[in-house]
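Per TrEMBL, these features apply:
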type	residues	note
ACT_SITE	His220	active site
ACT_SITE	Cys270	active site
COMPBIAS	302-312	compositional bias 'Low complexity'
DOMAIN	1-90	domain 'CARD'
DOMAIN	142-274	domain 'Caspase family p20'
DOMAIN	317-404	domain 'Caspase family p10'
REGION	277-324	region 'Disordered'
Amino acid sequence: MDETHKKILQRNRVNLVTDLDPSKLYDGLLEKGVFTQDMIDEIQRAGTRRDQARQLVRDLETRGSRAFPLFLECLQETGQESLAELLQNGAPAVTLQPATPTKIVRPIIQPLPFTPGGGQLRPGPGRIRRDSLQSYKMDASPCGHCLIINNMEFEPHSMLKNRKGSNIDCEKLERRFKTLNFVVEVKTNLRQKQIKHELLTLSKKDHSQYDCCVVIMLSHGTEVNHNRFPGAVYGVDGQYVPVQIITNYLNGQHCPSLQGKPKLFFIQACGGDERDMGFEVSPDEVEPSSGGMDDQTDAIPMSSSSDSLSMSDEPDARPSLPTPSDILVSYSTFPGYVSWRETQAGSWYVQTLDYILEENAATDDLVTMLMMVNNEVSQNSAKGLYKQMPGSFNFLRKLLYFQTQT
């Protein structure tokens, strides 16, 4: 950080410690790359609000040249404009690159170009053959950890309904991933901070002897601002965690022992509150299937949030993979739409995922099986009217075949 900016922070330290609300800043500082998740966790462990504010300001002085102006942005975005104005007095002007737009964008995911040797794209003689793709190593025993967070009973003040049928989803997925040779741990009815704690605990484990890691979220959901992975899932206290932050805990930067290994996230929660009524097709295109009259959704109206994908301010050049590589996020519904759940049989998505894994895991790779799930779920109808379309954000670099019992 520039010495002038350091002196401004030091000169205003008393005001910052007295008035700063650090809890409002954490997501923004993480998203803008000012702090890493580990640094924020350390600040939160400092104690009281004043202690956290003091530690935050002290750590801020150790960050890069963009830290000060980005800190000012966070103050303005979180309603702490008076502190931002105080710090701006006497501060030299700093020009930042345009920030990532905060408006909600529903991305159209297109296949990424494939480069067998890494480095820059090279023109080839023809298209890449499927049989030339590599497969992830998936022969460790056990294969890896699988964390299932199942939120069914929500606190009254959250204004969220209980999720009847979610226990059925949880039991199916626990049984399925044990069959696929994962060490499965189930956590039930967690608040937002407890969700983050379990994810942090998972990221701190030594995964060096394993080949894969799986996180399954069963909860209410909503749509939030994002720059890579859309959506958020709710804790039972009515506070949500953006999917982007969920994935960050296990990315190559925050969980080194999972670098280069597949990290899979399955999200059974709404991506928003829109209901898909579908469109007409010829009878040959679809096999009709109807859900029950007691179908429920996991929808919560759209919210606004700062979500996070931390980036280094001034990274050193070194051989590396992109931060989100080897991550796949499978959603029960397309971003912005509701996800349907039958109170007696569980959600459409989990019912179908469990069945497809049972029938096809021995022969097909994961991405192919998720396409099968998409097709099957798309043929259901809730109350004879509403549709659902699962989808995934795929940053895997290789084919993934689960272990199966012979």
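Note that the numbers count up from 1, one per residue, in the order the chain is shown.
For all residues, glycine too, the Cβ spot is worked out from N, Cα and C.
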Secondary structure content, the domain 'Caspase family p20' (142-274) (per DSSP, counts of residues): 39 helix, 36 strand, 58 coil
Model confidence over the domain 'Caspase family p10' (317-404) (mean pLDDT, whole number): 78
Helix, strand and coil counts within the domain 'CARD' (1-90) (DSSP): 64 helix, 0 strand, 26 coil
